[in-house]
Amino acid sequence: MDRVNSSGHVISVSPSLTNSTGVPTPAPKAIIAAALFMSFIVGTISNGLYLWMLKFKMQRTVNTLLFFHLILSYFISTLILPFMATSFLQDNHWAFGSVLCKVFNSTLSVSMFASVFFLSAISVDRYHLTLHPVWSQQHRTPRWASRIALRIWILATILSIPYLVFRETHDDHKGRIKCQNNYIVGTNWESSEHQTLGQWIHAACFGRRFLLGFLLPFLVIVFCYKRVATKMKDKGLFKSSKPFKVMLTAVVSFFVCWMPYHVHSGLVLTKSQPLPSQLTLGLAVVTISFNTVVSPILYLFTGENFEVFKKSILALFKSTFSDSSATERTQTLNSETEI
């Protein structure tokens, strides 16, 4: 019996996603590889520019710090895309060794968890800034934001340890080396007991990833922005809702882009039919690539009207990511809040 394995991340294609010869069909393979290469080129340039502007050309504030780390998580993901694309072009053959198999997938997992955690942190920060302005003025500092960022990276790294443990390479006896998760605990892969245990471990890893990397952050973000929107409406502050629009754009783009990935992971877990799995895999790769490349651009253009685009790029960055509008709302709310 074959070992219990899964693509785990979209870096490899499950055996169920191939045609009768065991090789991914040419059209989806070419589309996926092209999307990954284009995302690498555009994402490296755009995210690199964002990081440079936020780090060296803007004032160090809570907002710029959180956005810097969010975009850093996107930038890390883009650096792995060429290796994924090469694997797809070589019929899912992994030519970079077992160490990089573990490292790249673990790094991709870290960036995934970090990005959703930073989106959650930004929404919670916006919640406190709008609904608890006095507390925010007393505690909301760049040093506080730096500590939050450090904890997020540590937590994302801890949650990604399973990819260092279970990810490995193996020969599929068809001339290809696969980089996949092996959830079998032990060397006796024929044992039904080990097969059952492996299936339970696979299910536990999927549940942990879906719960902590998607569902719970989604509920936190929805709650925070619902309360923020209600408060802003009550106080008539929607004219100053630029940061709110930026955050909402980030949230929508992230969850729309990551939903196909979690759907695909669920189909792999349940050993669904090949066609739905293949479609969701291709969609997941394209949407995740879209998320790492386009989301930062969306923040920029939803953060200010088109007239500001006629100004310098630096002015546009400052207008989008600065705390000025948030501070104005805080001062307005603070004047109406009883201490």
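Glycine residues also receive a Cβ, built from the backbone N, Cα and C atoms like all the rest.
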Exercise. Choosing among Cys101, Cys224, which residue does Swiss-Prot name as bonded to Cys179 by a disulfide?
Worked result: Cys101
Seminar exercise, completed: Record (Swiss-Prot) lists N-linked glycosylation site for one of Asn19, Asn105, namely Asn19
Exercise. Just counting, how many other CB atoms are there within 10 A of the CB of Cys101 (disulfide bond)?
Worked result: 24
Problem set entry | DSSP three-state assignment for Cys179 (disulfide bond) | strand
Problem set entry | the transmembrane segment (104-124) vs the transmembrane segment (144-165): 3 or more CB pairs under 8 Å | yes
